[in-house]
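Below is one structure, written out as structure tokens, with a few remarks after it.
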């Protein structure tokens, strides 16, 4: 029997070593298990947690990798909610764009080709615009309302359009030079931002108010009164007249003198006459209205074109990107002619813009509805190839869209819509309009086929509804861009049209083409839905329909 000072069981040195080894083995095994949990299971749990944030992304793995980068750089944590991640992602995107600007400027300073310098100038302008749009979107997201969601979606759609436009302009550059601008990365980030936005907020489901006799609600009551007035009676802030009876002799001078970032409407009245100039309403010139003496009396004319060295973007006779832009009772034309190819008369990238009772004349690429929300009413647009193109969210009502006689071997395309991502809130809607032939086309209409449109980009979206289609429209209705490009991903629709060109029995059989029979589907392309008209155009006496005719 052991004494009180001795253990009941004595252990040898060898036994103690075995026990220590087992404990060490257990600790190592536990550490390895924890390692596997952290480095194998945790990423899986992270992916599960944030998969909803990236569920609408075209490349969900890329989207998740961007989120992972934010966490790795301690910009957000793995517990951050989707809204916080989106805002930080947008802040970092601004940083990326600001880094790209000096790179583009440096490339521009290293080349001598005028056309390429022009393209890079366009890119610099578009990058500056995009920085502002992303910053505005961050502020809108913070407000967490449905109307602000619609604003952010429109602005971020514009950012993606800006980047794609820049890339299109650089098509003649070497791949190495394009890679240096980081444009592919910016485009990817813009697409992911739209996908994140779609997952963290609820789209605006606007309530429609029946009736006619109103302008979309984003026109204020003061703007309504202005739009009811003639130019000479409007009480303009500035008057332009060629004969010296106004303060300015050119529209460009008057626009330059207008206040920057005005919170109230600033009106420029342009007296009758023909003004040969190119005019740009920059992003700083907000809430600007330009009004003339009528679409046949006040004419702004230019002739810049691609053949002579301009970029398509910069060829516009009048370009407007300042928010809240209104153009009324005026003609904008580009007289370059069909032999000069792309030659824009009017380019609009101004959010919540209104073009009312205007004439827009050119041939190829007449009206560049570039981006943001736009409304056209009682206007007259002429052209040949792709004469309404771009990636705005735009509605035309009570307009005449007039196909002209094109050049030899050419065909007329009324639209060429440029949506590049399904999360973009963009598309072209033609409602209560007449699509007809010009006097010079009528005698030879059978020699030059005219189509409602063709897909400029992969997710092109255009709807023609409740409109008159003249006999100039080819029975197939729509044309290919190149082979089967975009035929499965586009959305082209027709709803309740009339006229000799409105029959759909011989229309194209593409997967993306729709003869719309459900009014609820057509409603998505109305003023209230496509451009959220109920939230930014107040009631006016100018005829307007927010939904469909009964």
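Each Cβ is built from the backbone N, Cα and C atoms, and glycine gets one as well.
Of the residues 333, 342, 431, Swiss-Prot places 342 in the same substrate site as 312, 454, 456. Looking only at the recorded positions 331, 364, 386, 433, the one with its C-alpha closest to residue 312 (substrate binding site) is 364.
The secondary structure of residue 179 (N-linked glycosylation site), as reduced to three states from DSSP, is helical. In three-state terms derived from DSSP, residue 386 (active site, nucleophile) belongs to neither a helical nor a strand segment and is classed as coil. By neighbour count, meaning other C-beta atoms within 10 Å, the densest spot among the active-site residues 365, 386 is 365.
Fewest other C-beta atoms within 10 Å: among the disulfide-bonded residues 358, 399, that description fits 399. Counted over all residue pairs in 312, 342, 454, 456, the record's binders of substrate, the longest Cα to Cα distance measures 18 angstrom.
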